[in-house]
Amino acid sequence: MSDKLIRAIAKDGMIRIFATETTELVDEASKIHDCTPTAAAALGRMLTAGTMMGAMLKSDKEVVTLQINGGGMAKGVTVTAYSDCSVKGYIGNPHVDLPLNTENGKLNVGEAIGKNGGLTVIKDLGLKDPYVGQVPIYSGEIAEDLAYYFTASEQIPSAVALGVLVDRDHSIKKAGGFIIQLLPGADELLGDLLTYRLDEIPSLTTMLSEGKTIEEVIEFIFDGMDLKILEEETPKYKCDCSREKVERALLSIGYKDLKELYDEGKEEELKCHFCNKAYKFTKEDIGKLLEEKEKSIADEVSEEMKKAEEKEKEEKNKK
């Protein structure tokens, strides 16, 4: 069964719904990063959340980045998502391994993430400055933290579910999530009804494991609430790294650091955080970048001198 994301509304548009199955996507990411079950659950939940938040974007030029770091052994998770439902991400420590949560017997994502930190959402909407929203970590379980973010930072009452079920061979058995939001003007009793229904249903991964599709899960939750599915898309894990981007990153470091790399004379290998692809740079490659950096610095100095001369002429003319 392939992954799917759906957008829907209910109760005459008073409820907005994003729901997705991300089993294949999370399995691919877990294999790329060689994740333990705990790391796979943490990264998978963030990727699933990112997929749905990417679907909320209105333009293909917009990008949303989610970061969570609570000082735990996972060392933070970062996810970047796009409007076409593509997503990429990485976890600081993919080999974090903790005992199961003693309260519910599930993978202990909350302890792996930690509570001493925050959840940050960065939206690049193509404007001069990105929108940055940040809230303290509520539980570290990610779904609760994201629900708190929507309510506190965006003032949208939201219910969020994120689940990753890891099989015995460390493959991903099921993964998915939903974000349900009450829009302005919705009756408060509607929120109470939703809370009651969500408290009574099995977990999302349980329903998916029983063979329900993501559509059937949402139809089950919103039975009798005038559910309308508006759109379906296929979420995917996609990294857009390239050698050119890595070269730009090298050029962005200071001249002194780049010169040191060149003087060391060793072949440098840089890995993409998101897909682990390695890019190798010989001394000759770094030398070419160094020349480009030197030219850039010379051009900047020349431009500054030109501006200074023009300013000096203007001041003389005033006299």
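Using N, Cα and C of the backbone, Cβ positions are placed for all residues, glycine too.
If you look up Swiss-Prot, you'll see Cys239-Cys241 (among others) marked as disulfide bond, on the strength of sequence analysis. Contacts of Cys239 (disulfide bond) defined by a Cβ separation under 8 A and a same-chain sequence distance of 6+ are given as Lys88, Cys272, Phe274, Cys275, Lys277, in order along the sequence.
Cys272 (disulfide bond) carries neither a helix nor a strand DSSP state and counts as coil. The disulfide bond annotation in Swiss-Prot covers Cys272-Cys275 (among others).
Swiss-Prot lists 300-319 with the feature region 'Disordered'.
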**Asked** Can you tell me the three-state DSSP label for Cys241 (disulfide bond)?
**Response** coil
**Message:** Taking only same-chain residues 6+ apart in sequence, whose CB is under 8 Å from that of Cys241 (disulfide bond), what do you get?
**Reply:** Cys272, Phe274, Cys275, Lys277
